[in-house]
Amino acid sequence: MTLLQVMAADDADNVLLRTTDDAVIGAELAARGITFDRWPVLDNATETASDELLAEYDDRVAELNASGRYKHIDIARIHPDDANPEWPQIANGAREKFLNEHRHAEDEVRFFAAGRGCFYLHLGDEVVAAVCEGGDLLSVPAGTLHWFDMGTRPDFIAIRFFEEADGWVGDFTGDPISSGFPTLDQLLTAP
Ligand SMILES: [Fe+2]
């Protein structure tokens, strides 16, 4: 993970913690009951076909799913395509999808094989922004209020683990909280 930033839920400017230290990030997430793990990254993940990628991570996936809990395991990927005039619109549409606060009936488990995205976990009186990048596995517990920003130039490959085929469907709270917090782009450029 590149970055963890903890902010007060009622004041995004009140930054309680900002760290790029892997050990601190792991400890802070664990203290909040958030599962975080690191898996090896492939050199050429972006050029690798999705079924091949899944095959490469077969052992890790089998270990994570030893109980058989996840019935649907797939890959979500998006890469910039500047040759396509519709790319900005596609990128914006993909980004907007989970940019507002929501929750799911099951854990949201994602392994980032490449690229980057940020989960914002609204945990009581704090918001924990966790910028995931290639090699990071994060699990947002079922029912946890959160949102996800893939940035203005979405570029990532993620293995997704679902218990139900519609496990990705979000229950949106209607709370505009996410609009008051730094975007992924802003988080990365902040001092
Ligand atoms: Fe979600």
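Placed from the backbone N, Cα and C atoms, the Cβ positions cover glycine too.
Remember, TrEMBL labels are computer predictions, not curated facts.
Look at TrEMBL and you will find Glu101 tagged as site 'May play a role in metal incorporation in vivo'. In the three-state DSSP assignment, the secondary structure recorded for Glu101 (site 'May play a role in metal incorporation in vivo') is coil. On its own chain, Glu101 (site 'May play a role in metal incorporation in vivo') has His122, Leu145, His146, Trp147, Phe172, Thr173, Asp175, Pro176, Ile177, Ser178 as residues at least 6 apart in sequence with a Cβ closer than 8 Å to its own Cβ.
The feature Ni(2+) binding site is assigned by TrEMBL to His102, His104, Glu108, His146.
Taken from TrEMBL, the feature Fe(2+) binding site covers His102, His104, Glu108, His146. Cβ neighbours within 10 Å of His146 (Ni(2+) binding site), excluding its own Cβ and spanning all shown chains: 23.
Under a cutoff of 8 A between CB atoms, and with a sequence separation of 6+ in the same chain, the neighbours of Asp107 (site 'May play a role in transmitting local conformational changes') are Ser139, Val140, Pro141, Ala142, Phe161, Glu163. The annotation site 'May play a role in transmitting local conformational changes' is assigned in TrEMBL to Asp107.
The site 'Important to generate the dianion' annotation in TrEMBL covers Arg110. Within the same chain, residues at least six positions away from Arg110 (site 'Important to generate the dianion') with a Cβ under 8 Å of its Cβ are Gly117, Cys132, Leu137, Leu138, Ser139, Ala158, Ile159, Arg160, Phe161.
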Cβ atoms near His102 (Ni(2+) binding site) (within 10 Å, other residues, all chains): 21
Listed in sequence order, residues not in His102, His104, Glu108, His146 with Cβ within 8 Å of the centre of the Fe(2+) site Cβ atoms: Phe98, Arg103, Val140, Thr144, Leu145, Trp147, Phe148, Gly170
